[in-house]
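What follows is one structure encoded as structure tokens, with my remarks underneath.
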């Protein structure tokens with residue numbers, strides 16, 4: 001320490017070459033020039049090679065007719081759609097599986113993380129075994145486990161397993177009834193939105209009242225009643241406009257209803273279960289990072305164990321949990337590209353098909369990289385906002 | 001900014017690979033002492049490793065024929081198994097010297113991908129296979145509306161499938177995998193009702209299934225699939241060597257030159273046979289091509305003529321038992337025809 005302070009107090013007064021400031025600028029300039037030259041050389045080289053090999057380049061191919069079909073598509077898509085649209089379909093599929101995976105992984109991860117700190121020996125050990133098993137298996141194997149497991153255990157379509165509410169389970173996936181919204185069903189949606197808005201308002205008022213008077217109000221039950229009750233009322237008032245499309249047996253498969261394909265199911269389950277193991281460890285670390293004095297102080301104030309966890313420990317643990325949680329969300333999103341192994345049409349798979357049909361390798365790889373990068377940066381940005389809101393507010 | 005930087009790095013990786021490919025493939029090949037041949041990851045009859053790990057099949061033998069023409073030794077080949085998706089990039093980047101991987105010749109591939117197809121080593125067409133035990137009563141592809149169809153991604157098969165169902169106003173549910181083995185496994189496990197690929201491929205795949213006798217190939221052929229080897233565009237010498245290797249195989253069959261009789265044939269009185277086998281005085285046919293004058297002798301010694309290659313790999317001498325059909329020589333009512341070697 002001492003020697004550094006001395007250096008700072010007496011900057012070199014020697015020759016121009018020995019001036020650390022000049023040297024710093026010089027070396028930075030050299031690095032920048034080398035970097036620019038390298039990039040220029042690489043780009044030039046690529047362009048030269050493409051021209052020499054007479055490979056068409058540019059992004060114009062995205063407007064061409066795709067000509068292939070995609071099994072899972074959230075937006076309208078047929079073989080007449082463009083290559084660009086095929087890539088968008090893949091992108092949306094990636095978003096769906098990553099979004100659903102993140103939600104499920106977070107829920108399972110929190111339960112496991114808290115379970116690992118349980119006072120109950122059995123719960124603690126079960127959670128530990130789960131975490132150790134899933135954390136130490138490559139995600140691709142977990143995906144194969146679900147996919148092959150699902151495929152080999154389930155029966156063919158003609159011998160589907162009947163489940164309640166007209167749903168079926170077979171090799172081709174999980175089928176359940178699809179609601180058909182009749183006339184006047186917009187009223188139900190409006191009622192639902194109204195219910196949510198009223199629940200939010202009630203919660204706000206209840207908090208204000210608790211702050212002012214210390215009296216509590218059963219917010220949860222009131223909100224639940226509002227959110228389910230109002231739409232039900234609207235359903236009855238508008239004359240029961242809802243009907244259902246049931247899955248039915250046809251020559252080859254079940255038709256009608258809503259089908260969740262095994263490719264999606266296995267990818268979604270595998271990503272959720274795999275990432276949950278990591279989230280569990282993060283949650284455990286977060287909770288253990290909250291000083292024991294906090295729990296004891298809360299206990300001394302007369303809070304029950306559940307309330308201590310919910311009101312004192314978790315909010316403080318979240319500050320430790322969120323930054324590594326962000327990395328897990330990013331990992332899950334990127335791991336979703338393993339979908340290609342089981343044929344789920346995610347971004348990597350559809351763009352890969354486009355690449356092969358058009359031969360535009362550089363463009364397609366660029367698109368994939370930019371999209372994944374943008375997705376990751378967006379996830380990080382959202383998590384940073386959440387993190388900023390969770391951060392300790394200093395008074 | 002970050003996006004662009006990463007993008008450029010990616011392009012860089014591809015750019016570096018592409019720079020490895022130089023124009024004079026023949027010199028490169030001679031310098032390294034072997035031909036790098038891109039084949040499939042395993043399609044019986046075309047390119048599949050046998051129980052000793054040696055690649056067998058028409059496509060593999062074609063690369064041996066080229067090696068025999070260049071080196072006089074059919075064993076100087078190394079094989080690179082490629083998925084349908086990887087194949088063109090592998091050739092463009094110079095990772096392989098010949099792509100001999102049951103690849104369909106189309107105008108788009110010939111003109112926009114920087115490659116040249118040399119000929120058609122197998123005239124194929126796309127067909128459908130179903131499990132007749134599970135689906136009794138289905139005997140035409142037109143009855144397949146609503147079926148789940150297994151198909152390999154990024155193939156012309158995938159495009160023909162979409163066109164066929166669309167033009168016949170039928171619905172289907174594509175189940176798409178990148179690798180052939182994954183498609184096979186999914187079909188065998190019952191994930192889909194129908195398997196579609198080139199008909200020759202279906203016969204080969206059927207042999208690898210759990211119960212081959214349960215599966216039938218439906219009669220419809222829905223497309224033209226001329227399969228053939230391809231080389232990089234912009235290297236005419238190499239293109240000529242590979243193309244004329246193919247023609248030499250056909251010419252040898254037409255003239256009755258076989259692996260067994262090629263040495264005797266050298267002494268033949270027939271001027272055409274003498275010319276083809278490089279026995280003419282002061283012949284320059286081989287050297288003009290960039291190989292030795294006894295190149296056809298070497299080719300036939302290594303793999304036999306086209307007919308022998310066909311029968312051994314997919315025809316009567318193989319488990320596939322596919323008839324010559326349109327792959328017969330033009331003299332026997334087929335489409336295989338070679339320009340004269342003179």
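Note that Cβ sites are derived from N, Cα and C of the backbone, with glycine treated the same way.
What TrEMBL says about a protein is an automatic prediction, not a curated fact.
Listed in TrEMBL for this protein:
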| type | residues | note |
| --- | --- | --- |
| TRANSMEM | A:25-43 | transmembrane segment |
| TRANSMEM | A:87-114 | transmembrane segment |
| DOMAIN | A:91-383 | domain 'ABC transmembrane type-1' |
| TRANSMEM | A:126-147 | transmembrane segment |
| TRANSMEM | A:184-203 | transmembrane segment |
| TRANSMEM | A:224-244 | transmembrane segment |
| TRANSMEM | A:264-283 | transmembrane segment |
| TRANSMEM | A:365-386 | transmembrane segment |
Highest-contact recorded stretch vs the transmembrane segment (A:184-203), from A:25-43, A:87-114, A:224-244, A:264-283, A:365-386, CB pairs under 8 Å:
A:224-244
Mind checking which residues reach the transmembrane segment (A:264-283)? Cβ under 8 Å, same chain, six or more beyond either end.
72, 97-98, 100-102, 104-106, 108-110, 112-116, 127, 130-131, 133-135, 137, 139, 142-143, 145-147, 149-150, 173-174, 317, 321, 324-325, 328, 331-332, 335-336, 338-339, 342, 344, 346
Residues from the same chain, set at least six apart from the ends of the transmembrane segment (A:87-114), whose C-beta lies under 8 A from its own:
62, 70, 72-75, 77, 127, 130-131, 264, 267-268, 271-284, 286-287, 309, 325, 328-329, 332-333, 336-337, 339, 344-351, 354, 367, 371, 375
Distal contacts, the transmembrane segment (A:126-147) - CB-CB under 8 A, six or more residues away:
112-113, 115-116, 118, 262-263, 265-267, 269-271, 273-274, 276-278, 280-281, 335, 338-339, 341-342
